[in-house]
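The domain 'CobB/CobQ-like glutamine amidotransferase' feature in TrEMBL is assigned to 8-207. What TrEMBL records for CYS95 is active site, nucleophile. Residues annotated as substrate binding site in TrEMBL: ARG129. Per TrEMBL, the feature active site maps to HIS200.
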Amino acid sequence: MAGQSALRVVWIYPDLLSTYGDQGNALIMAYRARLRGHEVERVDVRSDQPIPAQGDVYLIGGGEDRPQRLAAERLLKDDGLARGLEAGGAALAVCAGFQLFGHSFYDDEKGTQPGLGLLDVTSVRGTVRCVGEVTAEVDEALTVGGRPLPRLTGFENHMGTTQVGPGARPLARVRSGNGNGAGSGVDGAHQGRIVGTYLHGPVLARNPALADLILGWVDGNPAPTPAEDLWHDRLRAERLAAVGG
Ligand code: GLN
């Protein structure tokens, strides 16, 4: 974001991909960026509009198979996201968005579909629907203020299962729920400045440290966001208690 006046949060295709409150990720990202002293410009990009290459943080959410396929088809014809990431932008991709950031994913009507290849992950059709609460311990390689991130809490609902290749690392070790698939033991992936996860909730409302991690990449300040309201701690405590911690 060097030389730019506002931190630009780009929400990709809210008309196609936004389930289980994913819009909250845009709200929390913008809110915490402001707490860090940034002016924020939030840009919601509908699926018939071009993706700006000047984004600082790109957000993409979850969705059913059909809108997911349509989103992938459109994004494959638009290099704005890839250029934005090459220029130092960061991204959070949730569920369908996570799958389509990978090499390929499965559509129930048309089978295997090409993804964007931004993350070294591949998704296929699972045998059971993964639905319910998830808790997971974040990869210790990721830190905010020099400390590991608190346990993740979120909600998942997907048929796809995802394999993480050697170019990426799993985002977290699953304690309860499924994440990348029953028995996978992990959720999501991270690679460079991209974080992918199956967690809705919205994930940033339940895990604001994840927003701080991404904002730290973008503004170069690794410290946690100075936040006085701690409502998210109550939300986290309640959701973690619901699955026995
Ligand atoms: N359509 C994908 C699946 O079922 C993603 C679902 C979602 O984003 N909630 O695997």
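Using N, Cα and C of the backbone, Cβ positions are placed for all residues, glycine too.
Taking all protein chains in view, 25 other C-beta atoms sit within 10 angstroms of the C-beta of HIS200 (active site).
Each residue contributes its Cα atom, and for CYS95 (active site, nucleophile) and ARG129 (substrate binding site) those atoms are 13 Å apart. Secondary structure at the residue listed as 'substrate binding site', as computed by DSSP, is strand.
Ligand 1 lies under 6 Å from the Cβ of the following recorded positions, listed in sequence order from CYS95, ARG129, HIS200: CYS95. Fewest other C-beta atoms within 10 angstroms, among the recorded positions CYS95, ARG129, are seen around ARG129.
Taken together, the residues of the domain 'CobB/CobQ-like glutamine amidotransferase' (8-207) have an average pLDDT of 97. A distance of 15 Å separates the Cα atom of the residue listed as 'active site' from that of ARG129 (substrate binding site).
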